[in-house]
Amino acid sequence: MDSAIEISSGSDSDDEVPPQPVWPQTRTRMDPTWLSRRPLPTVDSHARAEHTNQAPPNGASSDTSRPGVSKPFTGNGNTVNSRISSGSGADYVRLSSEQALKRTLPPSFNSPPLPARSGTNNISNASGSRVGVDYERPLSQQALKRTLPPSFNPPPLPSRSGTNNIRNAGGSRFGADYSHPAVSAVGNKSTFGDHYSGAHAEIGIQRGVNGVRILPPSLTHGTSASVLHHAGSSDPMHRFGGGEDRNPDNDERLVYQAALQVLNQPMTESDLPPGTLSVPLMRHQKIALAWMFQKETSSFNCPGGILADDQGLGKTVSTIALILKQKIVSQLKSESSCKQETEALVLDADDESDNAKHESGSHVKPELKVSSNSETSVLSACGNDENDSSDMEKAEDEEANSSTRAFQWKRPAAGTLIVCPASVVRQWARELDEKVSEESKLSVLVYHGSNRTKDPNELAEYDVVVTTYAIVTNEAPNKFLVDEDENDEKNTDRYGLASGFSNNKKRKVVVGASKKSKRRGRKSTNDTSSEPDCGPLGKVGWFRIVLDEAQTIKNYRTQMARSCCTLRAKRRWCLSGTPIQNTIDDLYSYFRFLRYDPYAVYKSFYSTIKVPISRNSCQGYKKLQAVLRAIMLRRTKGTLLDGKPIINLPPKVVNLSQVDFSVAERSFYKKLEADSRSQFKAYADAGTLSQNYANILLLLLRLRQACDHPQLVKRYNSDPVGKVSEAAVRRLPREARSRLINRLESSSAICYECNEPPEKPVVTLCGHIFCYECVLEYITGDENTCPVPRCKQQLARDVVFSESSLRNCTSDDSGCSSSHDNGLDRSVFQKRDFCSSKIKAVLDILQSLSQPDSPNSAQHGQMPSSSRPYDDDDVTIVEPMRLHSSSPSQGAVKTIIFSQWTGMLDLVELRILESGIEFRRLDGTMSLAARDRAVKEFSKKPDVKVMLMSLKAGNLGLNMVAACHVILLDLWWNPTTEDQAIDRAHRIGQTRPVTVTRITIKDTVEDRILKLQEEKRTMVASAFGEEHGGSSATRLTVDDLKYLFMV
């Protein structure tokens, strides 16, 4: 039987211990190089060391001034001064002056036997047992017990007066809880805690090809011999926001090892048993399934990742396959564990068993076992990511952890939570139903609407729960960590740092309750409903959370992004075809959600990613590629697999159609542009650009809208809330009306939901500004609470007011008419027969598609760029037309028309009605049922030829392969949003070539937006190491990785 050395040492001063005999040469730990100078002997992994008890040489004595006390033992007869170090380098020598240290050391130190002494030590270390180190008690009152695994083959202790019964069962793990690193590795900056998280982890020692055991880097002075098994983020050091006291170099070494493993591993595929899915997996989806399953079950400290496949490549099906595979494996594991005799792992404060029960579908709580099967063993030990622990718990003192663990055990263990935009909730439900065979059906709950359940136990009964970001925002625990420097814009600008970063401030907890209420909350752990400001979603311990269209949380400062981070889960996934939309900062929000250390803390993210990019963009982007390689899988439609495209789709042709203004439109635009430029210069001269940022965005918004139609600038149809709003306004005191008007006219009038200047702006009774389309998502039954952090105002139509209704009622009370006018002279553009240049271009395209024999139709409806300006009188009403396909067997040609502004869709709708074209519409003002009905009718009814879509509501997740022509009426700041809209039609299932027409106006702000889009495309391509075609432009080599991580 393997044995472990147990060494007891007192903490008295060195003067109290008599000097050791001459034969052991005394060394102190003050010389950290002594161990590195001593070569480590090779350990035979197949031999059991058997030693006989030996007595020390004559003259050697172990007596001390106190019975049973000796100096710490190094394993070779040498003694060292005990020094306990925290992960941040704190010295606890004085704190440990009265404690006894018990340590077990590996046999590589070649320890001679201890001298005899009195006393009896009976130590039993069962397999997987952990040392009961209580860090809540003073160090002076406890003994630190540590047990090394039997793989170190320690020699037995010498005979002493008394007996030493030492048992260390095979397969034992490190007994110490290394989530509180107490002993630094001698001669190395790394600590045990940097490479082992102790709780729930298997031994991180690997066997080489020749059978020789490979020590971890902390014992080999930084030499990485293999990719270590690393447990999940169960310890506080790995918890959300807990990386600042650690050395990020140690975490980066793990990232390097993971990236190296990905680089060296051949591409593998995985499939489900026949009959599990109703559709076969494509090869690239099999590769995605193998990669995702490996990411969840590997020992890397980030159980999950980012699936960043291009839109339309089947990320949804790959995710469904992952859910099914985990369920199948859990069922097999549960069945095999009942037949095999294994030793249970002691999982500290972990509900993995409950989650395994849920995944397997069994009502009997299976006991987690260590199986001889390698895959099953990994499944049992990994994934205990203890991401269950909320950010609040990271900041609480250790005394509260015991009650927190009790609280965790009360949480219902649920399956997979899928968070997605409201527009694709129904589609996820359909995919989960249609893509899974009858024999393998998953139980699915659409958690949406005002009548949804309030019982978290009911959520735990389903395999999959589908909900929206809005509901998560309101039901997630209302407590989170924030950077104090996030609002410290002046300091970051002053020192040349990016907004949201500070190099000397630490994270703090922002909680609505006071310290007293937090203390009361700790005691109230008997009921899951006792957690304050938390809905059912926040009271469940999820096995897996999947964020679909994860770019929704790209702004890490938003309440939505924070809420997703505070949910408890074992595995975490981000699905996004466009993970970077604006800046590299978009990635930080994903890293924080995924608990991807060390980049989950903004300070580390800034110093290790953003700073290198700013200093040397080429090397900086290569470093970013390596960081992403460990957690991200990305394939585009142009990616090659064995020399062939991963998917065969019809071609996509993108045409840029530049038209010109009419005379009246050009005159209007020039005056608006001159006024805007003059206003901007005034801000610049006064040095108030930053204070007037919202006003500057509004100036740009008006210029962009003028390119679509002048009436948009004049606030066409500017009172969206109508008579209900006016009736509610009349009940408000006059002072309240004035206050709300001032809020709408404020320079900070930015929509709280989309962070853009509001279209059809409205103000709520609580004083918050929204686009009408954005706030309607909350009014129409999804979640009627104001989404602004810590605002609990219930939203309804009678508490949302437009500017016109506020002013009209105010002017009526004063007995005078309102002097406020919505715009400039309306005489030209209010004519019913006026048609803007862009709308004319749209009608021309539809006209060409209605004539199958025309040249334009032969080119899939391509419309040549217009260079002739339209005159005011050049207005034609298009005769009623029917859209036909050049190939009768393919059916009618269907078109999607996108615009950012619902006002523009209103104007286009009027002209399409006059032309007699059957159409449907989808925007954010519609209920989910109405949206779903519009999509079905557009896809199924041959007579419906056109779909009008707002970019906000229609660019995410929808499957619109019935259309083969896409028209973009206006440009968005980042091109990825447009790409997402286009890929609603160009995706798996499309059988015809897709033509895209982007309509712009010459010599306007849109020319400059096009240039900005190209710059952003270049930035995204650099971050992913891709050329514009999607192929890899810069292949990282092993030498690249070593250089980037300074290994």
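Just so you know, glycine gets a Cβ as well, placed from its N, Cα and C.
Residue density at Gln311 (ATP binding site): 23 other Cβ atoms are found within 10 A of its Cβ, drawing on all protein chains shown. Classification of Gln311 (ATP binding site) by DSSP places it in coil, neither helical nor stranded. The ATP binding site annotation in Swiss-Prot covers Asp309, Asp310, Gln311, Gly312, Leu313, Gly314, Lys315, Thr316 and is backed by sequence analysis.
Here Swiss-Prot flags 1-11 as compositional bias 'Low complexity'.
What Swiss-Prot lists as compositional bias 'Basic and acidic residues' is 354-368.
Residues annotated as compositional bias 'Acidic residues' in Swiss-Prot: 385-400.
According to Swiss-Prot, the feature compositional bias 'Basic residues' maps to 511-523.
Annotation source Swiss-Prot lists domain 'Helicase ATP-binding' at 296-597. Taken as a whole, the domain 'Helicase ATP-binding' (296-597) shows an average pLDDT of 68 in this prediction.
According to Swiss-Prot, the domain 'Helicase C-terminal' annotation covers 887-1042.
If you look up Swiss-Prot, you'll see 1-89 (among others) marked as region 'Disordered'.
The feature region 'Disordered' is assigned by Swiss-Prot to 103-130 (among others).
As annotated by Swiss-Prot, region 'Disordered' applies to 145-174 (among others).
Feature annotation from Swiss-Prot assigns region 'Disordered' to 349-407 (among others).
For 511-533 (among others), the entry in Swiss-Prot reads region 'Disordered'.
Annotated region 'Disordered' per Swiss-Prot: 851-873 (among others), in sequence order.
Helix, strand and coil counts from DSSP across the zinc finger (751-790) read 8 helix, 8 strand, 24 coil. Summarising the annotation, Swiss-Prot assigns zinc finger to 751-790.
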I want the residues beyond Asp309, Asp310, Gln311, Gly312, Leu313, Gly314, Lys315, Thr316 whose C-beta is within 8 angstroms of the mean position of the ATP site's C-beta atoms, in chain order.
Gly577, Arg987, Ile988
Same-chain Cβ contacts of the zinc finger (751-790) under 8 Å, 6 or more residues past its ends?
422, 448-450, 468, 470-471, 473-474, 478, 512, 555, 558-560, 562, 694, 697-698, 701, 715, 717-718, 720-721, 739-740, 743-744, 796-797, 799-803, 806, 900-903, 923-925, 927-928, 950, 952-953
Sequence-distant neighbours of Lys315 (ATP binding site) in its chain (C-beta under 8 A, six or more apart):
Ala288, Leu307, Asp309, Asp548, Leu575, Gly577
